[in-house]
Amino acid sequence: MKIPTLISIDFKRALRDSGTIFVLGIPLLMFIIFGTTTSYAEFPFGNGNVAMMTMINMALYGATSVTVALASNAAVERMQGWGRQIALTPLRDSQYVLVKVVVAGLFALLPMLAIYLTGFVTTSEAPARVWALSFVLILAGALVMALYGLFFGLALKSDSGTTIATGTLVVLSFLGNLFVPLSGTMLTISKFTPLYGFGVIARWPLAEGANVGMDGNAVQESLQLAVANFAVWALVLAAASLWAFKRSRSR
């Protein structure tokens, strides 16, 4: 069976999953509520406005939720019935991974396109380069963060892995400064969490490190710290996933 055919089959199979549709819809609903209806949505911010920042944050959350859920599901199915069926085919591990990465990328595009289109026709404003750069950065980062879901899927070997991965991602999104602006001790804690660096990097074309804390005071975030945070967490999650994979193979 050819790779494009497998990608099509896997994409359609994931699209039929009601849980996947739920993950796709929630970020869009959150953006509509917090990014288009608030009184401050059109206030100037950085190279655009507040609605643009909210749009980027919700697109990041949506794309990451999708890749985390799909990666966790892929890890579970690889060790269960579907994985055994695949093992009987000539499909190599590298090809299997390629199929899953492409499908995850395609699915990540769905909430991103929905949110960006909604922002475009409503209140989000910024130069074209901000739209393009933030979009690419979110998609690339979301594929890396799929390692978070992969770890839970490999470690728990059941659907509970996906539930825990997507559930804890909500908490990490709050701590990562995506839902509400943090300040003080909460902002300090935020800088050690997995989504903090990703968020700063995705917002950089718009904000260039500028932000506003929960107390209303201006906050300047470091790009170097954000890149370091993202890189360290990518390595940690990759190492944890590799450990979980070897552990699953040894049993």
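Keep in mind that glycine also has a Cβ here, set from the backbone N, Cα and C atoms.
What TrEMBL records for 21-41 (among others) is transmembrane segment.
Among the features that TrEMBL reports, domain 'ABC-2 type transporter transmembrane' is placed at 50-203.
Residues annotated as transmembrane segment in TrEMBL: 53-76 (among others).
For the transmembrane segment (97-118), same-chain residues at least 6 beyond its ends with a Cβ under 8 Å from one of its own Cβ atoms are 3, 6-7, 10-11, 14, 20, 23-24, 27-28, 31-32, 36, 55, 58-59, 62-67, 70-71, 74, 124, 131, 135, 138-139, 142-143, 146. TrEMBL lists 97-118 (among others) with the feature transmembrane segment.
Here TrEMBL flags 130-156 (among others) as transmembrane segment. Within the chain, the transmembrane segment (130-156) has long-range Cβ neighbours (under 8 A, six or more residues past its boundaries) at 47-48, 52, 56, 59-60, 63-64, 66-76, 79, 101, 104-105, 108-109, 112, 116, 120, 162, 164-166, 169, 194-195, 198, 201-206, 230, 234, 237-238, 240-241, 244-245, 247-248.
Summarising the annotation, TrEMBL assigns transmembrane segment to 168-189 (among others). Note on the transmembrane segment (168-189): residues 57-58, 60-61, 64-65, 68, 148, 195-196, 198-200, 211-215, 217, 219 of its chain, located 6 or more positions outside it, place their CB under 8 angstroms from a CB of the stretch.
For the transmembrane segment (223-245), same-chain residues at least 6 beyond its ends with a Cβ under 8 Å from one of its own Cβ atoms are 141, 144-145, 147-148, 150-151, 154-155, 191-192, 194, 196-201, 204, 209. Annotation comment: TrEMBL describes 223-245 (among others) as transmembrane segment.
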